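Trainee: One structure follows; several queries about it will come next.
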Amino acid sequence: MESQPQPQPQPRRPRGFAATAAAAAASVSPTVTPSGSAGASTASSGKGKREREKEKERTKLRERHRRAITSRMLAGLRQYGNFPLPARADMNDVLAALAREAGWTVEPDGTTYRHSPPPQHQQHLGAFPVRSGESPLTATSLKNCSVKATLDCQQPVVRIDDSLSPASLDSVVIAERDTRSEKYPSTSPINSVECLEADQLIQDVHSTEHDNDFTGTQYVPVYVKLSTGFINNFCQLADPDGVRQELSHMNSLNVDGVIVDCWWGIVECWNPQKYVWSGYRELFNYIREFKMKIQVVMAFHEYGRTDSADVLISLPNWILEIGKENQDIFFTDREGRRTTEFLSWGIDKERVLNGRTGVEVYFDFMRSFRTEFDDLFAEGLISAVEIGLGPSGELRYPSFSERMEWRYPGIGEFQRAAKLRGHSFWARGPDNAGHYNSRPHETGFFCERGDYDSYYGRFFLHWYAQALMDHADNVLSLANLAFEETKIIVKIPAVYWWYKTSSHAAELTAGYYNPTNQDGYSPVFEVLKKHSVTVKFVCYGLQICSYENDEAFADPEGLSWQVLNSVWDRGLKVAGENTLSCYDKEGCLRIIETAKPRNDPDCRHFSFFVYQQPSPLVQGVICLPDLDYFIKCMHGDITGDLVP
């Protein structure tokens, strides 16, 4: 008897992670068809990959658009509603602020309750549109709870779903109903927030007891930048008595340390590799007497070549002499004008400086400083070194130079480095990018749907930004050799004007490829992460001065939010530094909240803050209403309101 063939079982279709793995394997190794051709499968795989890449880009655009809307909403709540929201507020912060506005107490762990029951009289005030589950703070329970239920509910607990990111703007608040209130069914409707008093809903949050209470918050050291001019162009201490008075005043304010600029144009002024440190040695000895820490800045840029400057420090004279014969060591703009603010990184690897490259000149200067002051490093007196990587010490191109008659809020100009190898065509830059004081809409490159988003524009901007990052990488590699086991600091500029436009024109000319469809700061911070530096963000100031108007489409808070979160997400340390010379009470509190946001679940904060003074403190010109109060708030050991 012939055996009947048994039916073959159908193979099970993979599901879940197995299906994902199978699909990935199929995309890598396409199955060959009986005809011996895998072309169709490969073509399908390639098409699917392109679709996935397009979807990723669309997702990035949607996320960026959502963040921009959220940033404007939070800015409106701060400006017009007096809500004390931190710089990186999320939905939980907004809900907590609304709850406090309504008279509730919200603890840091989310516990929400009232100190006393609300009155029984009803008064229609209009409703805040709040969404949630079953919390007494939600619209549902406010509409449906009875007066008796409202009075009897005690300390309902508000919990945050641990599966969600605490920094997410889409965080969901999950409420747990107090079981004691279950005996009062919510069947008697009370419209909206009628069970809350009017004065509880419209009270001024800035007048509450705990708004300005920074007691017990993280200790943020405060450094004060020493006035430029104490060291003259012959590297001599020009005013010893003035230095003593200024240091004494700083010491009375419990300042943690001072910032000292070590100018390349002074120390190596006359001859290459002939370094004079005598004035700095005398200055450091004075600082040692007051037992304050020192952070030094390797200042490779020029200083003070403006109408308002009373001190002028140029690049070394021997560098300027070389520049007369070879102007390509400097950056040039579209009209062929050279700027001597900083050496072009086109010569980072070109031996045009008496047989040395640009980065070798920087390295020799840093190594000389480290050798000269080895005793201060051993003592721990010098706690950190900041490496100047561009104009004003900031990592950027000299794209908005006042020497070239740039005025805020001009977009600036692309700078050309003639010696960059192999990129002569791209190094020319676009011809329709305007001039220093143009507006984006006045140019064909930066306008809406302009050439910045064309194939040429994208390629050029990527190359332009990459040259900036390569310069940082080259210099920091040698800085880590010179200052081994010492904290290295890099200053990032705050180019916030035109941030609300699609092109972000001012950032593009500065070297940050950060239009609305790109994240131009992440690649920069990946390079800085490689060298484990501390990022010092040049804050936009404690207030926006009157010259900054809506025509500039400026968004300093949006820029700050993007930069600080990008840095913290990469595990880098962050420090802050002010730029403006005018401050007020509101701005003072804003920068303290930015430096150490009290509602941040990760307890992230600045590692230190640098206060730049416009003139010596001994002259009595202090921008903050009360610098002593500001320092104590940063240190976390004071309560109460600012002194008016």
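Just so you know, glycine gets a Cβ as well, placed from its N, Cα and C.
Pasting the relevant annotations from TrEMBL:
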{"type": "REGION", "residues": "1-68", "note": "region 'Disordered'"}
{"type": "COMPBIAS", "residues": "1-11", "note": "compositional bias 'Pro residues'"}
{"type": "COMPBIAS", "residues": "18-46", "note": "compositional bias 'Low complexity'"}
{"type": "DOMAIN", "residues": "46-196", "note": "domain 'BES1/BZR1 plant transcription factor N-terminal'"}
{"type": "COMPBIAS", "residues": "48-60", "note": "compositional bias 'Basic and acidic residues'"}
{"type": "REGION", "residues": "112-133", "note": "region 'Disordered'"}
{"type": "ACT_SITE", "residues": "GLU394", "note": "active site, proton donor"}
{"type": "ACT_SITE", "residues": "GLU577", "note": "active site, proton acceptor"}
Trainee: Average the pLDDT scores across the domain 'BES1/BZR1 plant transcription factor N-terminal' (46-196) and report the rounded value.
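Mentor: For the domain 'BES1/BZR1 plant transcription factor N-terminal' (46-196), the model's average pLDDT rounds to 55.
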Trainee: Taking the Cβ of GLU577 (active site, proton acceptor) as the centre, how many other Cβ atoms fall within a 10 Å radius?
Mentor: 22
Trainee: Around the C-beta of GLU394 (active site, proton donor), how many further C-beta atoms are within 10 angstroms, looking at every protein chain?
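Mentor: A 10 Å sphere around the Cβ of GLU394 (active site, proton donor) contains 21 other Cβ atoms.
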Trainee: Roughly how many angstrom lie between the C-alpha atoms of GLU577 (active site, proton acceptor) and the residue listed as 'active site, proton donor'?
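Mentor: That separation, Cα to Cα, works out to 12 Å.
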Trainee: How do the residues of the compositional bias 'Basic and acidic residues' (48-60) split into helix, strand and coil according to DSSP?
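Mentor: Counting residues per DSSP class in the compositional bias 'Basic and acidic residues' (48-60), I get 13 helix, 0 strand, 0 coil.
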